[in-house]
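Asker: The structure follows.
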Amino acid sequence: MAMAVTLARRRAAALLSPSSKQLYSGAWILSRGFATGSDENDVVIIGGGPGGYVAAIKAAQLGLKTTCIEKRGTLGGTCLNVGCIPSKALLHSSHMYHEAKNSFAHHGIKVSSVEVDVPAMLAQKDKAVGNLTKGIEGLFKKNKVNYVKGYGKFLSPSEVSVDTIDGGNTTVKGKHIIIATGSDVKSLPGITIDEERIVSSTGALSLKEVPKRLIVIGAGYIGLEMGSVWGRLGSEVIVVEFAGDIVPSMDGEVRKQFQRSLEKQKMKFMLKTKVVSVDTTGSGVKLTLEPAAGGEQTTLEADVVLVSAGRTPFTAGLQLEKIGVETDKMGRILVNERFASNVLGVYAIGDVIPGPMLAHKAEEDGVACVEYIAGKEGHVDYDLVPGVVYTHPEVASVGKTEEQVKTLGVEYRVGKFPLLANSRAKAIDDAEGLVKIIAEKESDKILGVHIMAPNAGELIHEAALALAYGASSEDIARTCHAHPTMSEALKEAAMATFDKPIHI
């Protein structure tokens, strides 16, 4: 707690109160005060995704009159409607099928036959999404957030014109307007996504049947997760990646073990490979490929192609140019430490600004942004945003990779512990993976933690908290962990980092 207070005080000393002035690109600008008119909001948020709806609720909790504008007509953004949540529903359903078909017998459970019912699986996914979106609307009502369904665009820095989904139009006024419109699928030259044979992650969530062969373009988080879903259900999955590695941001050692795990699950990889063209004139899809460095072309056919080459900030139609909001060459909105753009009273959070394009990062942005607007202190440490790949096993990380530490020239130690030596993992016959901890050699301060394990996405948060408070590997090693749990693997890896593990 003392550390958090010190950090807040340090940030407060470095930044002026929003009730006086703000600094942007070296220029001082006067800050706006709260609204006084009955038809004017203190805060208007364009976008009802993880960043936008969380910002709206927090703003209302802080006593600010708040309106949230969302074009989709359902709250939760890409994450809840066609991203994080439905993909995790399908990942879980497909994992259950895979376990029933391949693992139940090892545990003494006999089933006569196991079949995939794709419509039922999709219906379960849709039910989860529907319940959660309704839940956010309930939170809006509880916190007295005004909700406008429609497409918003700037008329001025304090006015947003909304083309409502029922065909009307209204103008929403606000002293502080937050852009939280998220991101969209990044397209590739010469490839047209029709969401039937050539699909984005959105279309991959709603395939009506299991494709015999699925080609995934892009070996990032989303591509590997959706490839896992349909691979478990019976598709032959081939991943085509321009780079030489899968998930380039991942720690190199963990990445190699992760790829081997996916290959054991029959996922195939074509790395350092470029997609030259796509032909949909036949009954399937034909891809023309060539080595990334150039060379002889080959062809590859599939029933469905998933384009998963990343995402791009979504600001289309906002009329940012009309009010003079500055963006970088990637289309991201430039903001200062308080999420303020160069235009007085206009802010941006989440995927439309630099930083990880992750739902939980957007949520943290949203809370911090409205805290600044309310005259409080906000804080987001982008070096401590966890990343998770929700395959099986999961891969999760926080902090720096070994490659990043080497680049910094810091002397370090590495501690590792395999799940094969963890009693809980062995007991449930799910022991593929490891925990890897990187710590500064002299101080033993933890610099990064990388976990490949079942439920790694849950285990990583002990590491995130340790990094946030500047803990050493010895701090984790000397903390009592319940037995038998997979979290003991983190304790043992910490013991291996500063001294020696017990169980290997």
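Note that Cβ sites are derived from N, Cα and C of the backbone, with glycine treated the same way.
Per TrEMBL, the features are:
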type	residues	note
DOMAIN	42-366	domain 'FAD/NAD(P)-binding'
DISULFID	Cys79-Cys84	disulfide bond
BINDING	Lys88, Gly152, Thr181, Gly182, Ser183, Asp351, Met357, Leu358, Ala359, His360	FAD binding site
BINDING	Gly218, Ala219, Gly220, Tyr221, Ile222, Gly223, Leu224, Glu225, Glu241, Gly310	NAD(+) binding site
DOMAIN	385-494	domain 'Pyridine nucleotide-disulphide oxidoreductase dimerisation'
ACT_SITE	His483	active site, proton acceptor
Asker: Please list the DSSP helix, strand and coil residue counts for the domain 'Pyridine nucleotide-disulphide oxidoreductase dimerisation' (385-494).
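Answerer: Residue counts for the domain 'Pyridine nucleotide-disulphide oxidoreductase dimerisation' (385-494) by secondary structure: 41 helix, 33 strand, 36 coil.
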Asker: So which of the recorded positions is most packed in, judged by how many other Cβ atoms lie within 10 Å of its Cβ, out of Lys88, His483?
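Answerer: Checking each of Lys88, His483, the winner is Lys88.
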Asker: Where the distance is taken from Cα to Cα, which of the binding-site residues Gly220, Ile222, Leu224, Glu241 turns out closest to Ala359 (FAD binding site)?
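Answerer: Smallest Cα separation from Ala359 (FAD binding site) among Gly220, Ile222, Leu224, Glu241: Ile222.
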Asker: Within the domain 'Pyridine nucleotide-disulphide oxidoreductase dimerisation' (385-494) only, compute the mean pLDDT.
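Answerer: The answer is 98, the mean pLDDT of the model over that range.
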Asker: Rounded to a whole number, what is the top Cα to Cα distance in Å among the residues the record ties to NAD(+), namely Gly218, Ala219, Gly220, Tyr221, Ile222, Gly223, Leu224, Glu225, Glu241, Gly310?
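Answerer: 15 Å is the greatest Cα spacing among the residues binding NAD(+).
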Asker: Counting across all protein chains present, how many other Cβ atoms fall within 10 Å of the Cβ of Met357 (FAD binding site)?
Answerer: 20
Asker: Which residues does Cys84 (disulfide bond) neighbour through Cβ under 8 Å, counting only same-chain ones at least six apart?
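Answerer: In sequence order, Ala359 meet the Cβ cut-off.
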Asker: What are the non-local neighbours of Cys79 (disulfide bond), defined as same-chain residues 6+ apart in sequence with CB under 8 A from its CB?
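Answerer: Spatial neighbours, sequence-distant, of Cys79 (disulfide bond): Gly49, Pro50, Ile85, Ala359.
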Asker: Which one is closest to Leu224 (NAD(+) binding site) in space, judged by CA to CA distance, out of the binding-site residues Lys88, Ser183, Met357?
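Answerer: The smallest Cα gap between Leu224 (NAD(+) binding site) and any of the binding-site residues is with Lys88.
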Asker: Would you mind reading off the Cα separation of Ile222 (NAD(+) binding site) from Lys88 (FAD binding site), to the nearest angstrom?
Answerer: 11
Asker: Checking the spread of the FAD site as listed (Lys88, Gly152, Thr181, Gly182, Ser183, Asp351, Met357, Leu358, Ala359, His360): what is the longest Cα-Cα distance, in whole Å?
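Answerer: Greatest Cα separation within the listed binding residues comes to 30 Å.
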Asker: Could you check which of the recorded positions (Lys88, Thr181, Ser183, Met357, His483) sits closest to Gly220 (NAD(+) binding site), going Cα to Cα?
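Answerer: Comparing Cα positions, the candidate nearest Gly220 (NAD(+) binding site) turns out to be Met357.
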Asker: Considering only the recorded positions Gly218, Glu241, His483, which residue has the minimal Cα-Cα separation from Met357 (FAD binding site)?
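Answerer: So, spelling it out, the nearest of the recorded positions is Gly218.
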Asker: Given the binding-site residues Gly218, Gly220, which one has the fewest other C-beta atoms within 10 angstroms of its C-beta?
Answerer: Gly220
